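Per TrEMBL, the features are as follows:
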- 119-357: domain 'AB hydrolase-1' (DOMAIN)
- 187-209: transmembrane segment (TRANSMEM)
- S199: active site, charge relay system (ACT_SITE)
- D322: active site, charge relay system (ACT_SITE)
- H351: active site, charge relay system (ACT_SITE)
Amino acid sequence: MNTSALIITIQEHTIDTNSRLTTPNLTAENTTSKPQLITGNENFCQFLQDQCPVLTEIYYPTVWCWEGHLQTLLRPFITSKPNVQYRNELITATDGGQISLDWFDNHNSIQYPDSSTRPTILLLPGLTGTSKESYILHMIQQSKALGYRCVVFNYRGIAGENLLTPRTYCAANTEDLETIIDYIHKLYASAALMAAGVSMGGMLLLNYLGKTGKKTPLKAAAVFSAGWNAFESADSLEKPVNWLLFNYYLTSCLKSSVTRHRQVFDKLFNMNLAKTIREFDKQFTTVMFGYPSVEAYYEDASPCHKLKKIGIPVLCLNSLDDAFSPNHAIPVEIAKQNTNIALILTSYGGHIGFLEGLWPRKCTYMDRIFKQFVQAVFEHGRKIVTL
């Protein structure tokens, strides 16, 4: 195997000696381009080019909302919400709390009529997301067409269920995720299992994979719009425009999710005045999970520190104009040192945006990558195991 670092096609972006990616100025020549495929594994690169042809295509962002902030803001409102009928299940966590899982069993699967062997995808939403998010629904729609089963991990306390113990969730603590993965694997021991995480869900998934290495039932993973460095993400989101458009709203959502369960907590959290995610994390998350400071939490929550230890194939998609995951924080050099990692970088797409077409109601560029990659993993499993 040739493990020399590969940067395939790729277009007008360059990586300087400090591995900082630069976003080009908008011109008629560079508003559209092929994605960068960066990996240190020639076989993984070839596998992706063969099985995921979308990665060799030019990504054409929607012409009237190509800019990252617009892509981020408009996707939840523009894209459709496919009708998905869930089966909810509450399982017991290690501390006696309950975890809410929403299953899409796909009992009508033609490709995999036997439920015991039906491939399964675990989906992890973003920071305040649930199984109702449009990007989750579209992932399930893509999986349904392929005959797969999906299960959505709803983080504690935000999907309508009551908190039984004084504990919520964060990007660094993987205990609930470990419980869920072990549970699913035991429940369907003969079914192939993989996971896909979006935004904070991607951070959590990467941190889990960095902790478990090869000792995981997951066959592979896909990560979309993850923040690689929590410090850099917080700095970016505290810029005036980003704070106004994103940070203040998300902070309000986080505070509301805690206030709803205030009677459960035996500690007093001084979070009412928090106006940023960092302030919320300082006043709530660090106390909840026993960190001495928000800096200690952010250090532990940053997947860039755990990337070298990941032991299964992982595809990671980021846009270089993502305000939540600034391009200079993408760990290009570290990723090239782990032959299990492939970075897919687009010029535009925003945060969980990737809108394309004149009226982007249906699937996005991200959805198409998801569909082709999960199919490649499940249908060509032998090849991906030997990467």
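Cβ coordinates come from backbone N, Cα and C, glycine included.
Overlay of TrEMBL feature records on the structure.
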residue : record                           : Cβ within 10 Å
S199    : active site, charge relay system : 27
D322    : active site, charge relay system : 28
H351    : active site, charge relay system : 25
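Within the chain, the transmembrane segment (187-209) has long-range Cβ neighbours (under 8 A, six or more residues past its boundaries) at 115-127, 129, 135-136, 139, 149, 153, 171-172, 174, 177-178, 181, 216-227, 230, 301-303, 306-307, 309-312, 314, 316, 324, 351-352, 370, 374, 377-378, 381. Here the Cα atom of H351 (active site, charge relay system) is found 5 Å from that of D322 (active site, charge relay system). In three-state terms derived from DSSP, S199 (active site, charge relay system) belongs to neither a helical nor a strand segment and is classed as coil. Counting only the Cα atoms, the space from D322 (active site, charge relay system) to S199 (active site, charge relay system) is about 11 angstrom.
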